[in-house]
Each structure stands twice: as C-alpha cells, then as structure tokens.
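Feature annotations, courtesy of Swiss-Prot:
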type	residues	note
TRANSMEM	7-27	transmembrane segment
TRANSMEM	66-86	transmembrane segment
TRANSMEM	137-157	transmembrane segment
TRANSMEM	188-208	transmembrane segment
TRANSMEM	255-275	transmembrane segment
TRANSMEM	286-306	transmembrane segment
TRANSMEM	390-410	transmembrane segment
TRANSMEM	430-450	transmembrane segment
TRANSMEM	497-517	transmembrane segment
TRANSMEM	538-558	transmembrane segment
C-alpha cells in the first residue's frame, strides 16, 4: 500500500482531533442544563413556533418512561409517514421518471430501516424511489432518526450527571434543538463542500447520453449532495444511488471522499468531549475517546493491510498486486481506482464502526480476512466510535459492565462516576447486551435452514454464510451496509431484517433510558483511595477487553464457519 494512503489516514486523525473538541463543547452547551443556549437569537423563535404548534411545554421535563414513550411515539409516526409516502409515490409530485408505488414488503423494510437509523436498502435507490420520496421521506428521516439517537444519549448523560433527580429532560425539546442547531448547520456546510467536489444537486430525471459506441445511456439526476451530507453526518448511510458512495455522483474526488469520511466520524467522536464536559470531568471524555480511537484505528489498519496484500489466488497465478508507479496495488476488485485499497479499507472500518453503513467499495469483493473486519467491527456493537448518540450509549453500557466486573474482582460495590451500580442496572445491561446477538444469530440460523432464503445467495459455501451473517449483523446493529451478493429484496429477508432492525433499535434504547432513570435518582458517593478510577489507562484497557471478549466469544463460532474457513481454503 502506498505512503499516500497512510498519509490520508494520519490526516483524518489529525483533522478529527482538531475539530471534535470544538464541536463537542458546542454539543455540551446544547444539551446542558444552562438556560441560555448557543444560537438562541436565530433558532429560538423557530423553536418557539414549533413548540406552540405541537403543544409542547419547553419548561417541563420527563421521567425516563415518558421520555421512552415519546421516542416510541415519534418513531411510529415516522414509520407510518415514510411507509405512506413510499406506497403512494406514484401519485405524488417530483417524480420525473414516473416511478410506481413501492411494493408493500420493500416499503415496510425501507420505512423501518430509515426510521431506525439503519438505512439498509434492499432496493436500487435511483431505480425505485422518486425525488419526492428521497427528499421528504428518506432525507427527513436521516435528520430525525439520527437526532433521536443523540437525544437518548443526552438523557443518559444527564442521568449520570444529575443527583437525586427524577427527570432526564424533554425529548421534544431535545429533538428540535438537535435538528435545528446541530444537524441543519453542519449539513449545509458539508453539502456546499460536496457540491464543490462534483456531487450533483438538481431535480432532473434521467438524461439520455450517447456513448462512444453510439448506444444511448441513461444518466440519473437528483438532489444528491443535500442527502449525502446528512446521511454521513447522521451516520445514516443510505445511498441515493444503488452503489452508494462508490458512485461518482455521490463521491467524485479524493477530497470529497475525505470530507465524507470525516463527516461519518466527527459527531460520534465529538460526543466524547460533550460527555466529559456534561459530567464535569473532561478526563472521562478523553477516556472514552481513547477506547473508541484504539479500536477504530486497529480495525482501520487491519482492513487496509488485509486488502493491500491482495488476493492470494492471484498471487499463485503470478499476477502483480504490489504498488507500482501505475497502480495502487492490493485487492482492487470491487473498488474505485480513484480511491484505491487504502481509502476503501479506511472507509470500511469507519462505516461499520459507526452505524453509518455507506460504502465507497463493495465489501462482498473484499478478501476473506478483509471482509471479516467490517463484519467483526459491527459485531462488537458499533461502539468504536459508534453512531450518532447510540454508539456512546453502547460504550457507556460496556463501561458500566467493566466497573461491575472490576468491583467483583476486589469485593467492592461497583461505581461509575460516583453512582453505585446495583442489580437493577445490571439486569438492564444484560438485556442490552443480549438483544442484538439473539436477533442476529436467530434470524441467520433460520435463514440457513430455509431453502428459499438460501436461494438468495450468489455464492455457495463459507462466503454464502458470510453474506447471510453480514445481512443480519448489519440489520441488528442498525448499520445498513451489505455483502451485496445476497439478494435481499425478497419477502422473507425484507421482513426478518426489518424485525431485526426494530429489535436492534428499541431493545437497546429502552434499557439505556431505564438505566439513565435509575442512575439519575441516585446520589453520588465521595471519591476515596479505594475508588476505581475510570479515567486512567487501566480502565481504558478493561473496557476494550470487555468489548472484545463479549463480541469475540459471542460470534467467534459464526466467524469461524464463514470468513475464517474461507481464508483457510484460499491458502
């Protein structure tokens, strides 16, 4: 792999470290308990109109159960709206190519997918969805589903920071502030940058062009830049086009690719700094940042290195896969030459470490070990750095589990940020940890046993199993990326992956809010010499170990039957 690839990696880390603290401080002010918020003069009047129309009292706060019901109610409304738009898109405006209504099972899957911030797509975007559906349905959900995840995180942090409190904030107020004060401004800036790098933004249908051979070719158009900006910033990932950010109209230049990769990561990393500021101990923010960063960097290096080695079967045929003056080297199957294996592998680690799921290369064409990296990264629970809000939720749950284990080892009641971790919290942590693996492995096992589901594979043997595993891993972790060799646009896959997405969203959000409510009611214990410090390298290593052991022990048998066996068969 060329030195340029490593330079891009180092530059991305540097830019993230420069920008994340500033954004994190801004986020902490938005979600903090202070009355004055940044942007009150601009956004305050708009928010007041929204509160009046929706009959929301911005001065009232909610208990965790009411907060959870608000999240559920909003999600149900979002699902019904998006499902209705997709089913009736044939009679709705901004449909220049007269696309018909989306079929029932595809509409169900798409509505669940975008409502849960998964953005799994069993359809081809430019061939299935009209501009109206893309703009008013999918793009709107990109904003609000990501914002809902950030609201849940804000509630959890308040639960850790407050003492003997019964409320966690107001979901509707948090949602309005997140969309208006965070997502809109960031998306506007990123969209302008993407347009400057050749990403299209128009309301055209298909344009007919004549190729050099004289045959006509249909060139799609659409409001792409505005949707790509929020799909990356909100770690949504659903592409306007079927090949997602591998399409030049979504991701044209290496600079644009860099901007999009930064956009995927910036909010999850910035939330670490917001966390440290909101709990009044910046060292805690640096600790969770270190945990996220170490895992993400490790996965990125692994993906880039495995793909740089190339396909071992081509080595046996004497094919040169080394970096030369006229090729970037490595396994270039399924990759864009303008990015090469370095930027592709880095993106793969970033998109699966978050809940993003967008791709600039085809993960199904990776080498067995290269493809195992994004698969395993999702199986860790997407905590490095995780999606907008939900990633840090998961990491804080793992931190609670880590301090519980540490407490058992020394015979002391475990504490996190001065709050005692007791049976109530651990039952909820257990539910959180078990929900995703149960959904993933149950549906994957059922699909292996059903002949019609097996028929959707384009590859037999261990790689076919990897395709099925990847689909349910992506759905249950609300990621959305895919091994595209699996034909998932069938009734069975649309339905079961849809259910997996619902479990992966709400069976995690509700326990997190319950944990937040339980912790908020507690007081804090004073720090003593026996208190386990949660801001030092020992704690960082312990949490990383818990994340790797929980993910590794749960999914290693499945990985052994899929990518590991496939790798051994290529030797």
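The backbone N, Cα and C atoms fix where each Cβ goes, and this holds for glycine too.
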Worksheet item: When each of 66-86, 188-208, 497-517, 538-558 is checked against the transmembrane segment (286-306) for Cβ pairs under 8 Å, which one has the most?
Response: 538-558
Worksheet item: Among 66-86, 255-275, 390-410, 538-558, which stretch has the most Cβ pairs under 8 Å to the transmembrane segment (188-208)?
Response: 255-275
Discussion item. At a threshold of under 8 Å on Cβ distances, which of 7-27, 137-157, 390-410, 430-450 pairs most often with the transmembrane segment (255-275)?
Written reply: 7-27
Item to complete: Examine the transmembrane segment (538-558) against the transmembrane segment (7-27) and state whether at least 3 Cβ pairs sit under 8 A, considering only residue pairs 6 or more apart.
Response: no
Worksheet item: Are the transmembrane segment (66-86) and the transmembrane segment (497-517) close enough that 3 or more Cβ pairs fall under 8 Å, when only pairs 6 or more apart in sequence count?
Response: yes
Worksheet, complete the sentence: Outside the transmembrane segment (430-450), at least 6 residues beyond either end, the same-chain residues with a Cβ under 8 Å of its Cβ set are 379, 381, 394, 397, 401, 465, 468-469, 471-473, 475-477, 492-493, 496-497, 499-500, 503-504, 507-508, 511-512, 515, 550, 554-555, 558
Item to complete: Could you give the residue numbers and ranges of same-chain residues that sit at least 6 residues beyond the transmembrane segment (390-410) on either side and whose C-beta is under 8 angstroms from one of its C-beta atoms?
Response: 117, 149, 152-153, 156, 160, 235, 268, 271-272, 275, 288, 291-292, 354-355, 381-384, 416, 421, 425-426, 429, 432-433, 478, 508-509, 511-512, 515, 532, 534, 539, 542-543, 545-547, 550
